[in-house]
Amino acid sequence: MKVKVISRSTEDFTRERSKDLQKVFRNYDPNLHTQEKAVEYTRALNAAKLEKIFAKPFIGAMDGHIDAVSCMAKNPNYLKAIFSGSMDGDIRLWDLATRKTVCQFPGHQGAVKGLTSSTNGELLVSCGTDCTVRLWKVPSLNFDSTVDTSKPSAIYTWKHAFRGVDHQWNSSIFATAGAQVDIWDHNRSEPINTFQWGNDSVISIRFNPGEPNLLATSSSDRGVVLYDLRTSSPFKKIIMQTKTNSICWNPMEPINFTAANEDCNCYTFDARKLDEAKVVHKDHVSAVMDVDYSPTGREFVTGSYDRTVRIFNYNGDHSREIYHTKRMQRVFCVRYSCDASYVISGSDDTNLRLWKSKASEQLGVLLPRERKKHEYHDALKARFKHLPEIRRIVKHRHLPKPVYKAAILRRTVTEAENRKEQRRQAHSAPGSSSRKPFRKRKIIKEES
Amino acid sequence: MGEKEESNEPQSLNPASNQEEGILDKLEKKAKKYLRGNKTNLKNLRDKKLKGQLEVREKIYGNTAKVAARAEEWLKPSEEGLLEPENPLERTYRIQQSSILPEVDVLSVSKAFDMKLPDLGPYTIRYLSNGRYMLLGGQKGHLAMIDVLKMDCIKEFQVKERVRDVVFLQNDQLFAVAQKKFTYVYNRHGTEIHCLKDNQHPLKLEYLEKHFLLVGTNNFSQLHYQDISTGQVVANYRTGLGPTSVMSSNPYNSIISLGHSGGKLTMWKPTSGKPLITMLCHHGPITAVAYHPSGNLVATAGMDKKVKIWDLRKFESIHSIPGHAQTLDFSQKGLLALANGSRIQVWRDKGDQDFGLYMTHSIPKGYQVGTVKFRPYEDVLGLGHSMGFSSILIPGSGEPNFDSWVANPYETSKQRSKKEVRALLDKLPPESIMLDPGSIGMVRERQRKEKLTKREIEQQMVEAVVEVKSNVEIKNKTKGRNKPSKRAKRKQEEVFNAKKPFLEKQRETKEGPPQKKRRVLLEVAEDLPKSLQRFAKKKPM
């Protein structure tokens, strides 16, 4: 007969010296791992609760301005730098790590309405209500530089007040928004080109990151206009029901842009097909003042007049996250940091605030084990996120009372409108009145 | 010569490719075991985004199953045991321990031993889930914890009371003993840690690892669940079928099954007071129950001289072994051991759930076997009998490769304490015990209330009336007036009360849901358009 019995020698299964690692053996047989789903569900529940425990998104406030912060700009050369301009003409360069001012750029007489960095990061362009465009040399953050920031390298005065400025992504051209759209070059003291469609002033302006000659602007006649520099003319315009405060192109999908509107929604459009919004992002309860995309192109942050900052997914119709503080008043500008980890908001209370983009993220260098654990927890939550207990925990956010009440009010109003519309349709002849889908409803006209 | 060489070459190429094909087939078969169900058919899905996401998921699952199969094939550190006869005439059940022991290595010979403890009653044994520690409980109060890996007696003490059952709690640090009046929890050093007074006169104990639940039956025919991490009593149910000392837990879904004296096998979960399933298994009292590790098979032994093996998916008996059995146990590889008196039999599944006798053993006549338990992760069967304890070798019964994160026989104290913490973090709530543990997170189908037809309503009404007429008795008043007409009237009232709900249902099916009152439209308002008629002045008619 052939006999064989299991016999294990202890040396094969234990470590030799105390400095060795302990030996781990795995057997993936399902009979040894019973009730896996229940175990995973319990772990997912614990992971959701831990996420809420570690959710501390506010890092710090940057104090220094003496009037409301009206605009901000990122610098492509330095990750931890941000420029901010306030309503009294004060421009500051902040170091985000120490949350202190590095240097100031004094000079503007009125409010600074637009700030932007040039492509190589060495020049800062600012424009304001005192009808001037000023170019400043940016000092390097790492070591003491001999750049004198008390004087701009150039001041260009023009005929009307400016409302916004943006720099082209591959050359030394920048565009300003004011009574009309002006195209400037660094070395010329007059605009090299001017565009206008209609007689109303242009509020905000943004160059396309993928196609450098494409430009999107929003005007005070509730329209969004797209311009092409090669043909030196505007080529598309849509008029919406309410004014758009700010536009931002998606850096990863440059054909799409998101418009922050006065009617508390953000609309994402495909630039090729402007008759319908791709996604309508609803969650704010007051006008959305500014929008900025994350460099991953998957999320964007919005700041609104209702004192909150929200982060949306690029294709999500409701916000993923909301940030608010008692001390933060009307948010006028927001920026997503270039490493997609932080969000900076500038508000009416003269402070800039630094927030984490993922509220429960562990910052700093993670050990590979920690990283794997976080990935496992994220996968668990994603797997069971539809189950009621876990969904309740993950979805829960504390809202300030005015925002909560306002949201309820908005909801009752829209529900009442929907109900009335349904009844109107039910009591009228079939096919006589068709209601436009929501994504088209807010767009009144498209012109080209 | 050239021709011969050519003819040789293609033949020599084939065996290698055949080997490869054989290995690939084997791997595919093994991968099925890790798939946990079939691939879903995504053809009918219309949602393209969801379809894409699910396709990616399915691909990942397929790959992980293949990787697990490959790991099982190439990375396992130990081999399974086997006992094969050399010629077709030889039968494995004739092979004795005395003929196996000389063929096996020294380490395995030391695992088969006899312990003579003649004074202190028949012994109950229990192995810890990693197969390293063992508890001996003699009925006359002798308790001992033994490290079977190092053959070391850790603690031995007397409790001077009747000991009915012993069970390990979360690891070797604590164990529970069902003594005469209460359940006691002892330390590894023999110190009494707790006296659990909630379960009095316990008969049998069982421990559910993942839920930290200690389950016990007692002499008052109650089933008692207690959470040992918080000490809270989760449930205490009266089974209503008499006291029983036949209890086993299903490792697949942590369901407890009790065997009763009427031949019934009932299955319980802590959140319901009634058994989930009641099976009539035998024509006499059930003497033993054991579960297969996959959770699909259960073996029951009854006083009707039969040992039956049931398939729990179809609730059918797939095999019946003639003979009594006082204890039953399934090994990790699916071998069934049954013991009666001084004879032990081991039955094996030859493939496709066809059970055949594999090995037999008999202890000296006069010894009575108390409990039979397979040692996890080893090819050893432990027998607790009236004269002590023996262990014999059963090749092929244990799982050769343990998973360090589930049970590690070579655990250090640090690993043990960390494992305890992790187990507490992953502790499952008692509500998660259900017949099908894979239904957590699945969509529950909506159960629509069926509308009864007219006939069904009438039938139910008739039944209710008959019941009332026959059961309800109107008292004959002896004091005061007691007119027969009044008695008849009261009885009619009772009958009407019983009929009332059915009459309402009947009315509903006839009329439909109650309609809103409509205002009476006056003749005056007829010249107005219909939608404005409600605003017309109401003049008295």
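Any Cβ shown, glycine's included, is placed from N, Cα and C.
Curation does not apply to TrEMBL; its annotations are automatic.
Positions annotated as region 'Disordered' by TrEMBL: B:1-22 (among others).
Annotation source TrEMBL lists compositional bias 'Polar residues' at B:9-20.
Long-range Cβ contacts of the repeat 'WD' (B:279-320) within its own chain (Cβ-Cβ under 8 Å, at least 6 residues beyond either end) map to 246-253, 257-267, 326-330, 332, 334, 336, 338, 353-355. Per TrEMBL, repeat 'WD' is recorded for B:279-320.
Annotation source TrEMBL lists domain 'BING4 C-terminal' at B:357-437. Taken residue by residue, the domain 'BING4 C-terminal' (B:357-437) breaks down under DSSP into 17 helix, 24 strand, 40 coil.
The feature region 'Disordered' is assigned by TrEMBL to B:475-520 (among others).
Taken from TrEMBL, the feature compositional bias 'Basic residues' covers B:477-490. Long-range contacts of the compositional bias 'Basic residues' (B:477-490) within the same chain, counting only residues at least 6 positions beyond its ends with a Cβ under 8 Å from a Cβ of the stretch, are absent.
Below 8 angstroms of C-beta separation, residues 451-454, 457-458, 460-461, 464-465, 467-469, 472, 474 of the same chain, each at least six residues beyond the ends of the compositional bias 'Basic and acidic residues' (B:491-514), sit close to that stretch. Residues or ranges marked as compositional bias 'Basic and acidic residues' by TrEMBL: B:491-514.
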